[in-house]
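Taken from Swiss-Prot, the feature transmembrane segment covers 11-31, 33-53, 88-108, 125-145, 149-169, 201-221, 224-244, 251-271, and the record attributes it to sequence analysis.
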Amino acid sequence: MRAYLELARPINCAMAALGVVVGELIAGARLDVGAVLAPVVAAVVCAGGNAINDYFDAEVDAVNRPDRPIPSGRVSPRSARMFALGCFAVGVGMATVINRMCLAIAALNSVLLYLYSWRLKGTPLIGNVMVSYLVGSCFLFGAAVGQRPAPAVWLFLLAFLANLVREILKDLEDVEGDAALGLKTLPIAYGEGVALRVATVFAIALAVLTPLPYLDGVVGWPYLVLALPAAAVILLASVLAVAGSWDAGKAQRVVKVGMLLGLLAFLASLL
């Protein structure tokens, strides 16, 4: 049982569930069966995604992480794959109890998690886009349960852009290791300069879009107090990385701080 818990990565699953709860709060969800089930669905689907990732990464983990459940022999590759598919099936099945939108998101995310681990990890930009969608979709999933989804939909969009910036910066930080594994990330395929400029374009888009939830009337002024500094922090990190003043590792850590500020901005809008 412990080996399967390691395969599922419970901390990651808890973070996915928390993202759904935040989406529900922002979207004004009522405390009912759907609101209770939605975080559980997210955690179960996330567990499936983590397990299928370990299944496809078994050879790499045998060298870099021999203590992981599959290379250590505690879980067979076939059992890991069946566990992942079982998690996807259970998650999608539970989503049918909530509503059609939640069912669609759970089914789509299950397919994307499989495809990402099987074929799309390490592909230029596509992998980054997919991960960023999956991160933001936790808020979208929560929004699908709520009575006023507009604020959480904005959170999904802004979280998608912010995470996209961070994912590209992380690829820049991991160039040496990714190249050794044969991955074709954006900086490996097109150069570090191109990757930095692409990250900055997404950071600019984030800064431009940040005031729109307030201007759209879906959040109040407390949102702006934290959201504008959050966007500025993310843009500054990208610009300083392009200028060479910061390395990619420092920049992506600062972007993470900006993302936390942005999340707090939406929670502040509830006040």
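Every residue, even glycine, has its Cβ placed from backbone N, Cα and C.
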Given the transmembrane segment (11-31), which of the listed stretches 125-145, 201-221, 251-271 has the most Cβ pairs that are under 8 Å apart from it?
125-145
Please figure out which one of 33-53, 149-169, 201-221, 224-244, 251-271 racks up the most CB pairs under 8 Å against the transmembrane segment (88-108).
33-53
With CB pairs under 8 Å as the measure, which of the listed stretches 33-53, 125-145, 149-169, 251-271 comes out on top against the transmembrane segment (201-221)?
149-169
State the non-local partners of the transmembrane segment (251-271) in its own chain: residues 6+ outside its ends, Cβ under 8 Å from one of its Cβ atoms.
22, 25-26, 151-152, 154-155, 158-159, 162-163, 165-166, 169-170, 172-173, 210, 213, 219-220, 222-227, 229-231, 233-234, 236-238, 240-241
Residues from the same chain, set at least six apart from the ends of the transmembrane segment (224-244), whose C-beta lies under 8 A from its own:
162, 165, 169, 172, 196-197, 199-200, 203-204, 206-207, 210-211, 213-214, 250-252, 254-255, 257-259, 261-262, 264-266, 268
